[in-house]
Amino acid sequence: MIINKPLVLTYLYLLIYILLSSGVILYNKWVLSPKYFSFPFPITLTMIHMGFSGVVAFFLVRVFKVVSPVKMTFEIYATCVVPISAFFAASLWFGNTAYLYISVAFIQMLKALMPVATFIMAVMCGTDKGRCDVFLNMVLVSVGVVISSYGEIHFNVVGTLYQVTGIFAEALRLVLTQVLLQKKGLTLNPITSLYYIAPCSFVFLFVPWYLLEMPEMKPSQIQFNFWIFFSNALCALALNFSIFLVIGRTGAVTIRVAGVLKDWILIALSTVIFPESTITGLNIIGYAIALCGVVMYNYIKVRDVRASQLPENLPDRTTKDWKLEKKSSDIFTPNSSSDSNVGGGGNNPSDLNVDEEAPLIPSRLSHIGRTQFSNHAG
């Protein structure tokens with residue numbers, strides 16, 4: 001029997017992505033939840049991730065020279081990186097805070113709103129046009145999420161508002177990435193994204209941390225386990241890179257399917273690991289309706305991409321673009337946001353089913369990276 005090694009490697013990368021993406025989310029919930037590790041400081045946890053990712057990226061770029069830094073001027077940093085980092089920090093802050101109030105399963109269901117938020121922001125910013133077919137899909141997704149919310153036993157208004165606000169902050173970051181970075185012709189991979197964005201996001205998070213969490217942090221009441229926080233940050237960083245590997249070996253459709261599969265696995269796992277996360281029949285029905293809208297939305301976007309690429313030799317273009325990408329130096333999202341190339345040209349952020357990997361850097365990053373490839377995937 002002949003083993004197709006590239007195919008096996010591709011499925012291995014997909015498995016690693018699904019495991020890391022689910023693991024990071026469950027790990028964050030476990031760390032933050034008062035019922036488990038009980039470290040109810042989401043901003044602090046996010047700052048640990050940003051600091052760790054920024055330090056690792058610095059060593060990879062400046063010391064080990066794994067990749068070369070891009071030509072970053074003060075003007076580009078101030079007008080592009082700073083505002084994008086601000087919304088990135090906000091999305092991570094609100095997204096992680098939601099874990100204090102609502103279950104992982106319900107959070108995943110709410111994240112089905114990501115395409116809706118991204119589409120709305122893209123239309124408002126003029127980077128996408130309102131279309132009847134897409135609008136109907138957005139309505140279907142929204143109705144599904146409303147039904148799922150109605151069926152939530154432990155519904156919490158504060159937690160839901162935090163999560164939805166985080167989703168819209170992430171959507172705005174995606175649109176800003178296109179409007180600002182891509183217009184400058186700047187292309188970032190996961191390492192250079194973290195190198196420039198993680199430190200800036202850390203600074204933005206310092207303000208709410210100083211005002212909201214620092215006064216509540218009493219040394220006698222905080223249990224700080226170095227290995228737990230180190231492994232948590234390491235998993236988040238690994239997720240960032242795993243998404244980059246997956247994007248390099250698969251198409252947009254495969255990644256989207258893997259994302260949907262991961263959502264269902266995560267919802268099922270969360271009910272086992274966190275018994276208090278009860279799922280009702282209405283939850284499942286609502287989420288299934290929302291996913292139908294997401295799948296149809298993905299189909300429309302992939303169809304549009306294929307139609308726009310027909311006049312061109314797609315394999316040659318894909319190969320050429322990936323070679324260029326490797327030469328140059330994602331949050332722009334693996335994340336990260338949540339993602340592989342932030343600055344690829346002409347990508348529409350609403351083309352992404354920004355999937356939620358994690359409330360951490362990777363997840364957000366990954367979405368951005370995925371954007372460029374979705375424009376080249378068949």
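Numbering starts at 1 and runs along the chain as displayed.
Glycine too: its Cβ is placed from the backbone N, Cα and C atoms.
If you look up TrEMBL, you'll see 7-27 (among others) marked as transmembrane segment.
Per TrEMBL, domain 'Sugar phosphate transporter' is recorded for 12-298. Taken as a whole, the domain 'Sugar phosphate transporter' (12-298) shows an average pLDDT of 90 in this prediction.
Within its own chain, the transmembrane segment (39-64) has Cβ neighbours under 8 Å at 28, 31-32, 89, 92-93, 96-97, 99-100, 191-192, 194-195, 198-199, 201-202, 205-206, 208-209, 212-213, 216-217, 222-223, 229-230, 232-234, 236-237, 240, 329, 359-361, counting only residues six or more beyond its boundaries. Feature annotation from TrEMBL assigns transmembrane segment to 39-64 (among others).
Summarising the annotation, TrEMBL assigns transmembrane segment to 76-94 (among others).
Residues or ranges marked as transmembrane segment by TrEMBL: 100-122 (among others).
The transmembrane segment feature in TrEMBL is assigned to 134-155 (among others). Tertiary proximity for the transmembrane segment (134-155) is limited to same-chain residues at least six positions away from its ends with a CB under 8 Å from its CB atoms, namely 102-103, 106, 109-110, 112-113, 115-116, 119-120, 276, 278, 280-283, 285-294, 296-297, 300, 350.
The transmembrane segment annotation in TrEMBL covers 161-181 (among others).
The annotation transmembrane segment is assigned in TrEMBL to 193-212 (among others).
The transmembrane segment feature in TrEMBL is assigned to 224-246 (among others).
If you look up TrEMBL, you'll see 253-274 (among others) marked as transmembrane segment.
Per TrEMBL, transmembrane segment is recorded for 280-300 (among others). Cβ atoms under 8 Å from those of the transmembrane segment (280-300) belong to residues 105-106, 109, 112-113, 115, 133-134, 137-153, 253, 256, 260, 263, 267, 353 of the same chain, restricted to positions at least 6 beyond its ends.
Feature annotation from TrEMBL assigns region 'Disordered' to 329-356.
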*asked:* Please identify the stretch among 7-27, 76-94, 100-122, 253-274 with the greatest number of Cβ pairs below 8 Å relative to the transmembrane segment (161-181).
replied: 76-94
